[in-house]
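Q: Got a structure here, written out as structure tokens. Questions coming.
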Amino acid sequence: MSQEKYIMAIDQGTTSSRAIIFNKKGEKVSSSQKEFTQIFPQAGWVEHNANEIWNSVQSVIAGAFIESGVKPNQIEAIGITNQRETTVVWDKNTGLPIYNAIVWQSRQTAPLAEQLKSQGYVEKFHEKTGLIIDAYFSATKVRWILDHVEGAQERAEKGELLFGTIDTWLVWKLTDGAAHVTDYSNAARTMLYNIKELKWDDEILEILNIPKAMLPEVRSNSEIYGKTAPFHFYGGEVPISGMAGDQQAALFGQLAFEPGMVKNTYGTGSFIIMNTGEEMQLSENNLLTTIGYGINGKVYYALEGSIFIAGSAIQWLRDGLRMVENSPESEKYALDSHNNDEVYVVPAFTGLGAPYWDQNARGSVFGLTRGTSKEDFIKATLQSIAYQVRDIIDTMQVDAKTAIQVLKVDGGAAMNNFLMQFQADILGIDIARAKNLETTALGAAFLAGLSVGYWKDLDELRTLNETGELFEPSMNESRKEQLYKGWKKAVKATQAFAEIDD
């Protein structure tokens, strides 16, 4: 009797690594998760130990096997999805990182980004990469490491150092250095990749003085990149055949294959992506133009709005302010709040993302009175996530010249019913929550399975992930607009405060 075959997805996130085993129906068979250390060397800096990330991935692969009883030789293929932009530079010969991984959230390279802006490169970078010049993307992070690690520039020029985002690092480790590759979706987030010409941009590399020899080969999102070295996969030699940055993987996992489809993942940050099809649309309103995915010889573009603080605002309530013991508790407190929504929290802890791109803004609270309770504060924090999503959806509709009818949602905070209902109310459109909230991992699994024939085609995938629950708007128009107007005032005041000179 032939053994049943499965697909494993490795989901390497900002705060934890996970391995999930899926069956042919797209159902989760088992999963394992491990958190790792967040390193904050200075205010606004965020780093990870890349070796610790690799160890956590090894650990969760084992955990998924142990929990399910599935053996390594039953895994047909592996899909990888990852926190994007986070930057690793390592020694080609020893495999050891020369510095910590600089995380997407980290602002330590903001002065470099400002310097590029002041040199007049904003338009050039936008046209080539689809991105706004910001410390968020990998380009300035690579430059920072080459500047701050002694001898790094020289070694990079000699071809002794390699650069990669987390996907590249994991494939390199899993294949024992046999494959130094990335995919379209991750390359598009480096600010070094020309998304129109689909190649590393020589002019940008020259401006930043980043040696091309460091860069990985860019491949499609669904093909075999290499096989696991048996000693790194518990004896199994398994093809790694699907790869996408976490948000693009979620777009694919949400089956948003048609132009105009939009998804939002409520994770650490919140990321809204619209599939715009095979045409690259440059945003005129500070959204990012990026690559959604490339499969079967075609590349599908996307518009994206990035919110830096979403689920992490709830973590802040839990860990920083100790107002809740766990994240789900925030829903109960929000429902117990009886104020008139006059409190606004602007969680600009690491600046404001799209459409403001204000890296100097910091968190603020408005509208407090003597009667404000803990419940009100928690509710306002949840509402801030929904308001930020509205900022982006409004902008996206202008850029894409289309009305969005429904927003597909997933991610941890999408489990919060209060937040989902308020999101529907403040947007005035339906919110469709995926039945399987593991859409990021599922997207990576789908991409891996397609390339080895585990699933036949997109039509077969369409039968695998249904909508779980629909939230319909119930707030009247004038109330909705009054609340949103208050939010816009709060953001304006937050930005003004950051601009006041000492």
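Just so you know, the numbers here start at 1 and follow the chain as drawn.
In case you wondered, yes, glycine gets a Cβ from its N, Cα and C as well.
Swiss-Prot feature annotations, pasted as is:
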- Thr14, Arg18, Thr268, Gly311, Gly412, Asn416: ADP binding site (BINDING)
- Thr14, Thr15, Ser16, Thr268, Gly311, Gln315, Gly412: ATP binding site (BINDING)
- Thr14, Arg84, Glu85, Tyr136, Asp246: sn-glycerol 3-phosphate binding site (BINDING)
- Arg84, Glu85, Tyr136, Asp246, Gln247: glycerol binding site (BINDING)
- His232: phosphohistidine (MOD_RES)
Q: Residues with Cβ closer than 8 Å to the Cβ of Thr15 (ATP binding site), same chain and 6+ apart in sequence?
A: Glu35, Phe36, Gln38, Thr268
Q: Can you see whether DSSP assigns Asn416 (ADP binding site) to helix, strand or coil?
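A: Assignment for Asn416 (ADP binding site) reads coil.
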Q: Could you state the CA-to-CA distance between Asn416 (ADP binding site) and Glu85 (sn-glycerol 3-phosphate binding site) to the nearest Å?
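A: It is 28 Å, counting Cα to Cα.
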Q: Roughly how many Å separate the Cα of Thr14 (ADP binding site) from that of Tyr136 (sn-glycerol 3-phosphate binding site), to the nearest whole number?
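A: A Cα-Cα distance of 14 Å.
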Q: Provide, as an integer number of angstrom, the distance between the C-alpha atoms of Tyr136 (sn-glycerol 3-phosphate binding site) and Gly311 (ADP binding site).
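A: Rounded to the nearest whole number, the Cα-Cα distance is 18 Å.
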Q: When DSSP is mapped onto helix/strand/coil, what comes out for Arg18 (ADP binding site)?
A: strand
Q: List nothing but the largest Cα to Cα distance in Å, as a whole number, among the residues Arg84, Glu85, Tyr136, Asp246, Gln247 that the record says bind glycerol.
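A: Max Cα-Cα spread across the glycerol binders: 15 Å.
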Q: In the same chain, outside Arg84, Glu85, Tyr136, Asp246, Gln247, whose C-beta lies within 8 angstroms of the Cβ mean position for the glycerol site?
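A: Apart from the listed residues, the neighbours are Gln83, Thr86, Trp104, Arg189, Gly245, Phe271, Ser306.
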Q: Starting from the Cβ of Gly412 (ADP binding site), draw a 10 Å sphere and report how many other Cβ atoms land inside it.
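A: Around Gly412 (ADP binding site), other Cβ atoms within 10 Å: 17.
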